[in-house]
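According to TrEMBL:
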BINDING   43-48, 95-98, 130-139, D165  FMN binding site
BINDING   R255, T491, S552, R553, K558, V559, Y560, V561, Q562, D595  NADP(+) binding site
BINDING   R411, Y412, Y413, S414, C429, A430, V431, Y435, G445, V446, A447, T448, W633  FAD binding site
DOMAIN    37-181  domain 'Flavodoxin-like'
DOMAIN    236-477  domain 'FAD-binding FR-type'
Amino acid sequence: MGCMFSLPEERRAAAERAPTARETSFIEKMRKTGRNIVVFYGSQTGTAEEFANRLSKDAQRYGMKGMAADPEEYDMSELSRLTEMDNSLAIFCVATYGEGDPTDNAQDFYDWLQEGDADLDGVNFAVFALGNKTYEHYNAMGKYVDKRLEDLGAKRVFDLGMGDDDGNLEEDFVSWREQFWPAMCEHFGVEATGEESSIRQYELKVHDDLNMNKVYSGEMGRLKSFENQKPPFDAKNPFLAPVTVNRKLNKGGDRHLMHLELDISGSKIRYESGDHVAVYPINDTAIVNKLGAVLGVDLDTVISLNNLDEESNKKHPFPCPTTYRTALTHYLDITHPPRTNVLYELAQYASDPKDQENMRKMASSSPEGKALYQSFVLDASRNILAILEDTPSLRPPTDHLCELLPRLQARYYSIASSSKVHPNSIHICAVVVEYRTSTDRTNQGVATNWLKHKMPTANGHKSTVPMYVRKSQFRLPFKASNPVLMIGPGTGIAPFMGFIQERGWLKEQGKEVGETVLYYGCRHKNEDYLYQEELEEFEKMGVLTKLNVAYSRDTAEKVYVQHLLKNNKEELWNQVHTNSAHIYICGDARNMARDVQAAFHEIAEEFGGLTHTQATDYVKKLMTKGRYSQDVWS
């Protein structure tokens, strides 16, 4: 920087203020730090990123050096340069999101692969895919990356791994990884160093006399961003939306279904019907306090966890400096059953050798180890607190536990309003999650129980919810005159409240609006028929052409939405085949979405005279054309 002084004054000031330019070349970074393995992750909820970190840590055991990398931060066209390094390898841990789409952070990489005419000859690669079998496009992204890299000339050094979150994703990963490394040793002619010890990624620094204005208290990105809010608002900079309405929707039954309205006035946030609102919940303070007690730690200690790898883009596992209390409340997931690597790394802190052995066993791929993890952790729904309570000899240092726990994720809800009718308000419809476990504990869904208590004014203060909007592909037809068929039982009604409001608004604007038909379902007509008054009013006004409701528990035989579809086969075929209706499905992916699709296959066979294979293709084509859209979850 010898020429620094020749810069004009104002440019010099700007240059001093500018953050150091991020290294966008992963090749240069690998060179600089002597690494030969890069693990890219396509992650929406943090799991693929976690797996990538585990694989890059593994490399050390084989005398190699790995680094986990976010494809969004690097120039992916440099993949071809991997051949410049000896024994180099690119591993991809990629999740599929939405309707077979890449995760947000892998979108650019996906576009590059699609356009790509890159020559990846001689580049070694392996892919582990993360998905969920209940979805139509199971592991589409992982399969695509695996095939496309080969098409571009790269060399697959190990078979595509398929992780299924509907089954046991953790077990799928552990099994793949146990076969992957021996194959790599053989491929590169290296041997395991036998170093099975735990390798820390971060080191603890305790701050004794830090000004509390420098300490994070729950912000996601910029310090104090909750106190002085500045648009644009997104995942790193959520908007604190005041809750203006929070009411219970159901009239009876033992569940709590709720309708919330968030005020987005002055935020410049725009949304469209069909989008998702993401909210950042916080953990139950009772669980956080119990963790503090079990770990025997002062939760208000101010700490930083600093990456031991100076070169890493990830300086801390969560915003630091902060307190243990804030980390366990805002930043860490303490309620999901912990993954096996957490148990493995914590095992060393159990003073009872039997406990140590069991924890290591659960992390192994032996049949009895897998069975033990399945029964003790997964089937019993034990979170980290339950594991500590039921393993009295296990008392790990709080900082190591905080390093290992995954980040608490934002929760997505389908927006239940139309921005044409409610430009300054976003509506949420959700059911509170709560269940008893086999160990007689009550587990509560983090976000829904936190939302349930967000009353418009609490102790004279406005309740706020940190949120941002995520665009979706779930969209009303471009032409208002196209008929719309909506199928959404339970809280699957949410986006359709927005759709119906919007169709009503279009009608008021004098537009020619096609038929608007809803198939809704609930358990009992007089208990959990959500938005009954609104829906009946929309029908009376002619905004809803037809309102079909299935009550699954009011009759001896259960009646679901798919049964109502089968009662109207001819009419439905006519709407879809002749009148170009758009079909929308929202709600449970595991059973409902599948059964509804089967009903449409049946309709196409009976009234379209198609064979079963043709009927399946017919529905697939509707999907490709954007006329069969799903917003489903499991």
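In case you wondered, yes, glycine gets a Cβ from its N, Cα and C as well.
Structure with TrEMBL features highlighted.
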residue : record               : Cβ neighbours (10 Å)
S43     : FMN binding site     : 23
G46     : FMN binding site     : 15
A95     : FMN binding site     : 29
Y135    : FMN binding site     : 24
R411    : FAD binding site     : 21
V431    : FAD binding site     : 17
G445    : FAD binding site     : 18
S552    : NADP(+) binding site : 17
Y560    : NADP(+) binding site : 18
Q562    : NADP(+) binding site : 23
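Highest local Cβ density among the binding-site residues R255, K558 belongs to R255, counted as other Cβ atoms within 10 Å over all protein chains shown. Put simply, Y138 (FMN binding site) is 25 Å from Y560 (NADP(+) binding site) when counted between their Cα atoms. Burial estimate for the binding-site residues (Y138, Y413, W633): highest at Y413, by number of other CB atoms within 10 Å. With DSSP classes pooled into helix, strand and coil, the tally for the domain 'Flavodoxin-like' (37-181) is 65 helix, 35 strand, 45 coil. Of all residue pairs in R255, T491, S552, R553, K558, V559, Y560, V561, Q562, D595, the annotated binders of NADP(+), the farthest apart have Cα atoms separated by 24 Å. Comparing Cα positions, G46 (FMN binding site) lies closest to A447 out of the binding-site residues C429, V431, A447. In the set S43, R255, S552, none of the binding-site residues has a C-alpha within 10 Å of the C-alpha of W633 (FAD binding site). When the C-alpha distances from Y413 (FAD binding site) to the binding-site residues S43, G98, Y138 are tabulated, the minimum falls on G98.
Listed in sequence order, Y138, D164, D165, D166, A589, S634 are the same-chain residues six or more apart from N132 (FMN binding site) with CB atoms under 8 A from its CB. Comparing C-alpha positions, K558 (NADP(+) binding site) sits nearest to G445 among the binding-site residues S43, G98, G445, A447. If you draw a 10 Å sphere around the CB of G98 (FMN binding site), it holds 21 other CB atoms from the protein chains shown. Looking at Y135 (FMN binding site) and Q562 (NADP(+) binding site), their Cα atoms lie 18 Å from each other. Summarising model confidence by region, the domain 'FAD-binding FR-type' (236-477) averages a pLDDT of 96. When the binding-site residues S43, G98, R255, Q562 are ranked by how far their Cα is from the Cα of C429 (FAD binding site), R255 comes first.
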